[in-house]
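These notes concern the structure reproduced below.
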Amino acid sequence: MPHYNKLQKFGLVLLVIGLVYGAWRLLGAGQEAPGGQIEFTRQGVEITFDREQQIRQIRVRDKPGETVIASDTGPGGHKVLPVFIPWRPGHEYEFEICLRDGGKIRLSARSPDKPPATISFFLQAPYGLNSEENVGLVTNGSTFAINLLITNHADQKVGGILDVSIPPELEVAAVPPVMRLERRDGVNHVLGPASLTAENEIWNEQIQVKAGEAGRKATITARLHLDNGREQREWDKQAVIQISSLADISNNVKVAKVDLPVDASGRLEPKVQTGALAYQPPSRLLQFFTGEREDRRFDEDPLTFAAIRISNDGDQQVLALVTAKMTDIVTGKMSPAFTAPQNKNGGLGYSYGIAAVPAHSSNQVILPIYLDENRAVAGKYELQTETRIFGVSQVVSTSKQPVTLTVHDNKPLYATLFMTLVAVLGVSWFVWRQESALRRVSSKEMVIVALFGTVTFVTVNLPATVLMDIAHVIFGPFSFLFTGFFSQTVLYALMVALAVVLPRPGAVSLMIVVRFILNGFIFGHFSPMNILLYAALAVFLEAGLFFTGVTRGRGCRSRLSIVILAVVCGVVDIITSYMSMMAYMMLYRLYYADWYIWTVLAAGFVYCAIGAAIGCRLGDSLKRTAMD
C-alpha cells in the first residue's frame, strides 16, 4: 500500500506538470512571435517592428559572423529603431535584438547591390511635395515656395551651378540671397552656385513664387551641374503645378470627420461621449507631501488626441496642412487653457500636422490636444480645424466641433475623508462614554427616546422609502422638493422636539441610533453611506443644539432663540447634505452640476429651518405632558 501511494503521488505530479506544460504551449501558440522589417539607408539601417518593443541591446553581424556593432539602447518603447552602421553592397547581415523582458528578435536582410548615391537632389513645388510623382496643387493668386534640397553623402568637396526655370504662369516673388534672377526668351531663370564641402552637408534654399490665373498648368525645371574635381554630373528635375481656384479646391478638399477624444493611434475612447473631455487636477495633498510647486505644468503629455480625416475628391494628390485650435465659444479666440507648452509645436500654441491625401481618397491626421492645468476651467469650447495646401497660406476648408471640458476636483474626496473622520470620532466617543452616559438616563427617558426614534422611522424613513420611486417618476431630479417634507421638515421637527423634551447632550444621538437600527433591520439599509450620514448628522446636530443652548436647558424661550435655532439647524443640514452628495460622488461615481447642488442645499435649509421652528413649539407642548 505505501508503494502504491508513492506511485499515485508521482503520477499526480506528472499530470500537473503535463497540464502546466500544455497550457504554456497553448498560450504560447496563440501569441505571434514579434517581427520586423529592415530598410537600408545611407546612414545605416532602419528597423520597423510589428509592435512597440522595449529594447535593451542590438547586435549586428555580417554573414561570416563578425560583429559589426553591439550597442545598448535607452529606456522607452521603440516602433522604429535606426541603427547607424557602415554597410557594404550585396552582403547578408544578421540582427539580434535583445528585449528587456529577456526575449530576443532575430532578423536578417541583404543590403542593396549598389552603394548609396553620393549626391541627392530634390525639387519640391509647393514645399513638401514630391513633385516627380505628383502634381502640385495651388490656388490662383497664392504665394508658395519652391524648395531646393541638395545633400552631399560623400566625404569630398562638391561644387556646381543650379539653374531653375520658372514658366510665365508663375511670377517670381523672392529669390535667395545666394541666387540671382535672369530672364531669357520670356522665361525667368533663377541661378546660383551650390557648394558642399563636408559629408552629410545640406544645401537648402527656397524660391517664393506667385500663382497666376486658375485653370493653367506650369512646369518648373531645375538643372543641377556638379563637379567634384574628378567627374562632372548633371541632374534634371521637373515639378508640375496645377493652378486652381480656391472654390474648386474647397469643393474637393474637405474635413470629412473629426473624432475627439481618441488615443494616439486614432481609436475612439470607449465609454466617452464625442466631444467630452475630462481632466483630473493633481491632488493638493500630493503636492504638499511631495513638495511639488503649484505652478508646475503637468501637461508635457497631451490630454487627449483629435483624429481629423481629410477627403480629396479631386484628380490630384494633395499635401494638406491641418491645424487644430481650441477656441472660446464666446470670444472665438484661442483658449489659453488649451495652449500647448512652448517646447511643443514650435511654440505656436496649437497643434498641426501634414497629411498626404491621394486623389479620390481620404487620409487621417492625429493631432495632440494639450491642457494648461493652471488655466483649466470647466465649460464649453469649440475645436476649430483649418486645412491648407501645404506651402500655400490660403485656407481651403474649415470645421467646428463643440467640446465640453469637465474638471474633476478633489472636493468629493476631501469631504468624504472629513465625513469619515467625524463619523469615526463621533462613534468612538459614543462607545467610550456609553456606560457613563446611559447611567445618567432614566428608564422613562429611555422610553421617550425609543418612542421618538420609532415615530421618526415611521413618519420619515417609511414614507421616504415608499414614495421615493414615485417621486422620481413624477418630479425627476427635483423629487427632493417633495420628499424633503418628510426627510427634512418632519425629521428636524421631531429631533428638535426631543431635544426640548429631554434637554441633555446625547438624547438626539440615541434617537438617531434607534432610527438607524430600525431602518437597517426592516429595510436592510446597512450601507457605508448610511453609517457616515447618520453619524455625521448626530455629531453636527449635537454641536448645533449645544451651541444654541437647547441641550443645556435654556430651551426655546423667545422668538429670537427660535430663529437662531432654525438657522443653526438649516446650516447643519447644509453641511450634512453637502457632505453626503460629495460622498455619493466619491463612492458611487455620480456627478452633480453645481447649480443642482446649490438648489438642493437651499431647499434643505428652508425645510429644516421650518422643521426646527415647528419642533420648538411641539417640544414645549409635549414637555408639559411627557415628563408628568
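Glycine is treated like the rest: Cβ placed from N, Cα and C.
Long-range contacts of the transmembrane segment (413-432) within its own chain (CB-CB distance under 8 A, at least 6 residues past either end) are made by residues 283, 506, 509, 531-532, 535-536, 538-540, 578-580, 582-583, 586-587. The transmembrane segment annotation in TrEMBL covers 413-432 (among others).
TrEMBL lists 444-464 (among others) with the feature transmembrane segment.
With a cut-off of 8 Å between Cβ atoms, the residues of this chain six or more beyond the transmembrane segment (470-494) that come close are 452, 455-456, 459-460, 463-464, 511, 569, 573, 596, 600, 603-604, 607-608, 610-612, 614-615, 618. Annotated transmembrane segment per TrEMBL: 470-494 (among others), in sequence order.
Residues or ranges marked as transmembrane segment in TrEMBL: 506-525 (among others).
The list of residues near the transmembrane segment (531-550) in space but at least 6 beyond its ends in sequence, with Cβ under 8 angstroms from a Cβ of it, reads 416, 419-420, 422-427, 495-496, 499-500, 503, 505-506, 508-509, 512-513, 515-516, 556, 561, 564-565, 568-569, 571-572, 575-576, 579-580, 583. For 531-550 (among others), the entry in TrEMBL reads transmembrane segment.
With a cut-off of 8 Å between Cβ atoms, the residues of this chain six or more beyond the transmembrane segment (562-583) that come close are 411-412, 414-416, 418-419, 488, 492, 496, 529, 532-533, 536-537, 540-541, 544-545, 547-548, 550, 556, 592, 597, 600-601, 604-613, 616. The feature transmembrane segment is assigned by TrEMBL to 562-583 (among others).
The annotation transmembrane segment is assigned in TrEMBL to 595-618 (among others).
Residues 477, 480-481, 484-485, 488-497, 499-500, 556, 562-563, 565-574, 577-578, 581 of the same chain, all 6+ positions outside the transmembrane segment (595-618), place their C-beta atoms under 8 angstroms from a C-beta of that stretch.
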